[in-house]
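Note sheet for the following structure.
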């Protein structure tokens, strides 16, 4: 039965459900999720630009979604949410309810009948390519054009071409794209840089923010705000025109991240904003939903079960907020620095996010100056100065490095991570503290094959011994900004060595590396190691230009 907007009414999603293969999942948890994900079905938040958020697969398919993900019809939970329905969701649900209790019913056969499974493009490069030639060959293979999308698909169409990371990541990702752009620009593909900037501006205008990725199930959160740095990158080629062209979306993105700041009392939080007891305003990662992530449904249900003393919705929100951080998952977000079930992302003020917000404020001030809106220039210059003061007060560890702050516990966290170099990357750190941070980073994180993500081995992918291309670039640039060219070169050459060793052995680039010098791909995480790989390609090209010894 449909309501006037053509959406299935939530009351029809509440009959008895058979949970295939749920012996390891408490029925109470599954029922709670079903109520949370389905009874909110018709609620589409107004994004302020005349468009409602399209529904994600968990809301479109309700009990069928729960059954498919719980039964693990596909090994990867992301597969089902990326499928394309062959009929209207209401028709599919009606068929499911009619057939599910019939003897001999096969859920897998039903899904095969009604959904088209996404396929991963097999990339077979020519033999004997150099590393540089291989990356340049990959750009067209990783480029997608989806100006339209099938009805009720989770894919959000974008007006212009874009580059995907590769593997299971069949869509564009927000913060990945900055590092991909570094390589595209080095390859002379400024056309793609401009296209992706325009796509992000389109999403800001449509949704009010840049989603995690162009999928409906990513719309409830963003990712680290690199849009300002993308504009800065474009400005290196086209000059000041880039600032005026993207000034309006930059200001809209800032408004998104600062929602609720004016009306939040000291000691309270609202969305991505936290107001500390002294009135200082800083940002945190957040997600507007508090249910299991559709693309990782079963894992999130299991994690909440491992924290029986916490409301499941609280755990799920913190898992989602960690996904917004891009560091999913890491000891940075764990209460005990070791266990996923202790995750408390929304209680933490991250040093990287607040450095990026400083950059956003600076870029808006610069754009306003170019546009000769000097009142705006003063306003955002003041925002940036206040944030710099706040970062120095709250996000500095007495041991001599920048760190995250737990605003609920009222103390800086001890975890030293590669995120410590972000204030240096955006050039907001005083020289003395910058030098201290670089010394600590070099001593604790620099390995034979590059910079380790953290000092802790937790089996999570954003911890030791993994190293990630974007964090190498951030630390390298941070070192250069503060006069440490030799350290920058050491980081760059060591990580490039990791990439070269694996490429020599397997003829591919991957999303993360073990930086112990073995030349192997990184481990941990919720899925197998992916190759492609957008941001590794981008950073590697820049490293080849700087330290590639003629390659």
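Every residue, even glycine, has its Cβ placed from backbone N, Cα and C.
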Original post:
Can you tell which of 263, 267, 326, 497 Swiss-Prot lists as binding substrate with 168, 175, 176, 212, 221, 222, 223, 293, 294, 295, 526?
Top reply: 326
**OP:** Inside 10 Å of the Cβ of residue 328 (active site, proton donor/acceptor), count up the other Cβ atoms and send me the figure.
**Re:** 21
Original post:
Taking just the CA atoms, what is the gap between residue 511 (active site, proton donor/acceptor) and residue 168 (substrate binding site) in Å?
Top reply: 12
Subject >> Cα-Cα distance linking residue 223 (substrate binding site) and residue 328 (active site, proton donor/acceptor), given in Å to the nearest integer >> reply: 11
